[in-house]
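Notes for the one structure printed next.
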Amino acid sequence: MTALDVLLLFHSEAGDLEIESILQQAGAKRANDMHSSVTSQSQENHQHGQVPESNMTMEQSEVPTTHYRSRIDQLADYFRYKKGRDRASDVRTALLTIAVLIATATYQSGFSPPGGVWQDDKNDTPKHVAGQSVMGTKNSGSFFVFMFGNTIGFYTSLYMIYFLTNGFPLQLELQCSMFAITITYVSSMGTIAPSHQTVRTFTVLSIVLPLIIPLASRLFRQLKKRTADAPHNTSQEGV
């Protein structure tokens, strides 16, 4: 894929027409055009009886299309993060957007759990109270898995927001807002929980997870760094 291919593939900005003109004036071509010109040149040489220096036939000189990466692989490589190419501010903005989306989705799940909530009270077996989770009443195991995973996602996204906005202005207002939505999330999850045991378990998670997530994140980074440095240290010792 050439530079002209990438430009035409994502042709959306008004200035792209000018960039395309500049590239074409500089001699830029699309990959298909380059392949066609090579094929035409080879056919012309064959008609004039010219044999390539490598003495290879047309079939041998052409690279099979299976050797080319697919378009999906090329797009994945184009959008993949590259340290020397992508700016730190752009990466932070992307991570902050993802963290906000995760926080929004997990927060909303606390108010609208899968299966909804009961709309009335019932004293017969099985008992339930209006506002409690239907899934929690009928399948406590599945509800615990949902609650555990949703809570981890919520607190991890809040930690990412805190980490990425560290040093920003209006820190007091931001921290107060994050604390407020945490309180409402805990209150909502405690309301939809179908039993006192589930409420106690969720309360413990809400206390422990905000402390464990930063420590686990830091420990994972240190472990990853040591693993990456291990081959380098081993090679130095061998020398």
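Glycine is treated like the rest: Cβ placed from N, Cα and C.
Annotation comment: TrEMBL describes 28-66 as region 'Disordered'. According to TrEMBL, the feature compositional bias 'Polar residues' maps to 34-44, 52-64. Feature annotation from TrEMBL assigns domain 'PGG' to 89-191. TrEMBL lists 91-110, 143-164, 176-193, 199-216 with the feature transmembrane segment.
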- Per DSSP, what is the residue count of the domain 'PGG' (89-191) in each of helix, strand and coil? 74 helix, 4 strand, 25 coil
- Chain residues outside the transmembrane segment (176-193) and at least six past its termini with a C-beta under 8 angstroms from it: 103, 107, 110-111, 113, 117, 131-133, 136, 143, 147, 151, 154, 158, 161-162, 199, 202-203, 206
- For the transmembrane segment (143-164), find every same-chain residue at least 6 residues outside the stretch whose CB is under 8 Å from a CB in it, and list them. 92, 95-96, 98-100, 102-103, 105-107, 109-110, 113-114, 133, 135-136, 175, 178, 182, 185, 189, 193-194, 198, 201-202, 205-206, 209-210, 213-214, 217
